[in-house]
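Everything on this sheet refers to the single structure shown next.
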Amino acid sequence: MGLGERGSWDKSESRYCGVETEFDDDVPHLLSFNLSSTGFDFVVAPLTDPTYRPSLLEADSGSSHVPPFAGSDLVLSPSQWSSHVVGKINSWIDLDSEDEIVRMDSETTLKQEIAWATHLSIQACLLPSPKGASCANYARCVNQILQGLSNMQLWLRIPLLKTDDDSLDVDSDNLMDSWELWNSFQLICEHHSQLLVALDILSTLPSVNAIGRWFGESVRVAIIHTDSFLTNARGYPCLSKSHQKLITGFFNNSVQMIISGKPLHNIPAETIGSTADHTDKNVNNVPRHPLKSYLDYVGYLYQRMEPLSEQERIELGYRDFLQAPLQPLMDNLEAQTYETFEKDSVKYLQYQRAISNALLDRVPDGETSAVTTVLMVVGAGRGPLVRASLQAAEETGRKLKVYAVEKNPNAVVTLHSLVKLEGWENIVTIVSCDMRLWNAPERTDILVSELLGSFGDNELSPECLDGAQRFLKQDGISIPSSYTSFIQPITASKLYNDVKSHKDLVHFETPYVVKLHSVARLAPTKPVFTFNHPDYSTKKSNQRYKKLQFEIPQDTGSAVVHGFAGYFDATLYKDVHLGIEPSMATPNMFSWFAIFFPLRQPISVRPGIPLEVHFWRCCGSTKVWYEWCVTSPRPSPIHNSNGRSYWVGL
């Protein structure tokens with residue numbers, strides 16, 4: 001049934017909510033009571049009787065025995081098992097116990113229950129939280145099981161807990177930061193993509209920064225305990241503002257909810273069925289589910305979320321999807337690529353503003369009829385910047401002569417059609433040539449280009465504009481006039497696993513364009529490389545090197561770095577800028593996603609110990625490439641040495 005829909009586009013998996021139940025060997029009744037009459041979508045139910053211990057059965061009977069499973073596989077259809085049941089591994093198991101009998105019983109039971117769940121085609125099993133800080137044997141056993149699984153996921157239960165040193169509110173022995181426990185477990189299991197987190201939401205939450213780490217981890221479900229709920233004025237359960245924000249954040253990351261615990265709110269009898277939220281006092285004489293009011297509240301939080309904007313709906317399919325950056329110098333772009341970029345009206349409005357301001361500065365009001373400004377669009381594509389330039393001229397009342405230079409012969413065909421259609425033949429001259437090779441008949445007042453990539457210079461804007469700079473008058477204007485790249489360390493479990501799935505070095509040494517979504521940004525961005533145009537310096541080089549240090553905020557706790565997110569910000573002209581650096585990104589612009597530089601091995605970082613990273617922009621005779629490495633808190637290999645895995649062709 002789900003938590004409701006926020007529109008026909010809403011296909012998020014976070015629409016579904018489950019309920020944690022006790023052991024019940026009447027599974028059909030368990031399903032009908034929790035699903036049919038209530039609105040829960042699945043149950044998290046133990047698969048065997050919690051009193052079961054293999055060693056006790058062996059002591060009672062020397063013959064083979066059948067574990068006390070909750071009914072046979074025939075009591076539900078295969079689709080019911082796979083869609084509506086998550087197997088809950090018995091919580092008593094302790095694979096790191098000092099007691100060998102307990103340890104052996106735990107391992108046997110875990111493997112039996114997973115085998116039974118696999119037989120039932122169950123999609124996921126909930127593993128109990130490790131009993132202490134040491135979980136090596138538990139993780140080793142789970143890793144063994146993961147090697148043999150085909151589709152089933154294992155959800156490791158972890159409490160959302162990070163206490164300050166002076167806090168007394170700690171349930172687990174010496175467990176100060178549960179993220180550390182999860183990180184140890186996933187490291188032992190080699191970041192296996194089928195090992196996910198089931199995060200227990202407790203009544204007290206850690207700091208915003210400490211919580212933020214989890215948004216880059218592979219959290220599959222959040223388990224909300226009934227004792228985490230407050231009581232509103234009408235006696236119904238509700239959540240604190242900080243809990244609401246957390247749950248909404250999880251909804252946005254497609255994390256499903258599970259409600260757990262006994263009902264702790266005595267709903268006034270006369271109010272049940274009196275509002276739109278609570279209308280099932282006795283539907284078909286079925287007793288009201290004791291946790292229905294908690295489910296209603298979670299559904300209310302889901303349905304009141306802001307609907308996605310049209311742009312966000314378009315970008316849904318690109319979230320955390322790795323794409324190779326464009327090679328616009330080596331390759332000719334296709335019509336579909338041009339069309340996508342041309343729809344970005346915000347970008348071209350910024351360009352129009354910059355060109356308008358440049359024209360106003362270039363030509364005084366008293367000389368508008370006498371002066372014709374020469375403007376060259378280098379890399380004109382199918383003409384959006386030509387149109388923006390002519391609109392700027394019309395807006396400012398300045399006369400313009402435009403050269404549209406484009407190397408892609410297919411785009412030139414469209415350019416000719418556009419000029420003829422718009423009647424621009426006397427204003428626009430089309431040049432079918434690489435800007436670096438063209439000999440211009442005259443010098444230009446304004447040089448306009450849109451050669452920027454997600455990292456600013458990664459589509460070779462510096463090299464192209466160096467070649468075109470000779471067209472520019474000594475006092476001429478380049479739009480853009482400068483651009484700077486930025487990076488920041490991120491936790492990005494999904495991106496790391498997607499890169500790792502290729503099982504080769506090349507993919508770990510390739511930067512990817514990606515719409516970042518399920519990531520944790522661990523520190524503010526820092527600038528890397530800056531390029532200015534025009535650049536008349538005599539010892540000009542486009543090679544760059546930068547060493548950067550990032551500090552993880554103290555209240556974050558430890559974190560893992562899977563790579564670096566890259567952005568850019570460009571000054572088009574004076575105060576007109578555009579870019580994607582998060583703190584100053586141009587609103588509603590979609591031409592660029594961030595770029596992701598992966599690390600071959602994730603780096604664990606702690607507050608107070610700087611994360612030191614080095615970035616190089618290297619130039620050869622036929623290609624440009626990046627190299628990167630970490631030197632603190634521990635050294636990593638140099639990535640992409642000599643451009644062996646990734647480069648941009650000149």
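Each Cβ is built from the backbone N, Cα and C atoms, and glycine gets one as well.
All TrEMBL annotations are machine predictions without curation.
Look at TrEMBL and you will find 39-304 tagged as domain 'PRMT5 TIM barrel'. Marked as S-adenosyl-L-methionine binding site by TrEMBL: TYR338, LYS347, TYR348, GLU406, ASP434, MET435. The site 'Critical for specifying symmetric addition of methyl groups' annotation in TrEMBL covers PHE341. According to TrEMBL, the feature domain 'PRMT5 oligomerisation' maps to 482-648.
Counting only the Cα atoms, the space from LYS347 (S-adenosyl-L-methionine binding site) to PHE341 (site 'Critical for specifying symmetric addition of methyl groups') is about 9 angstrom. When the Cα positions of TYR338, LYS347, TYR348, GLU406, ASP434, MET435 are compared pair by pair, the longest gap among these S-adenosyl-L-methionine-binding residues is 24 Å. The Cβ of MET435 (S-adenosyl-L-methionine binding site) lies under 8 Å from the Cβ of VAL378, GLY379, VAL405, LYS407, CYS464, GLY467, ALA468, each of these being in the same chain and 6 or more residues away along the sequence.
Here PHE341 (site 'Critical for specifying symmetric addition of methyl groups') is positioned 10 angstrom away from TYR348 (S-adenosyl-L-methionine binding site), judged by their C-alpha atoms. There are 24 other CB atoms within 10 A of the CB of LYS347 (S-adenosyl-L-methionine binding site), with all protein chains counted.
Cβ-based crowding with a 10 Å cutoff singles out GLU406 as the top-ranked of the binding-site residues GLU406, ASP434. Its Cβ placed at the centre, TYR348 (S-adenosyl-L-methionine binding site) has 19 other Cβ atoms within 10 Å.
Sequence-distant neighbours of TYR338 (S-adenosyl-L-methionine binding site) (same chain, six or more apart, CB under 8 Å from its CB) are GLY381, ARG382, ALA411, THR414, listed in sequence order. Mean model confidence of the domain 'PRMT5 TIM barrel' (39-304) amounts to 87 (pLDDT, 0 to 100 scale).
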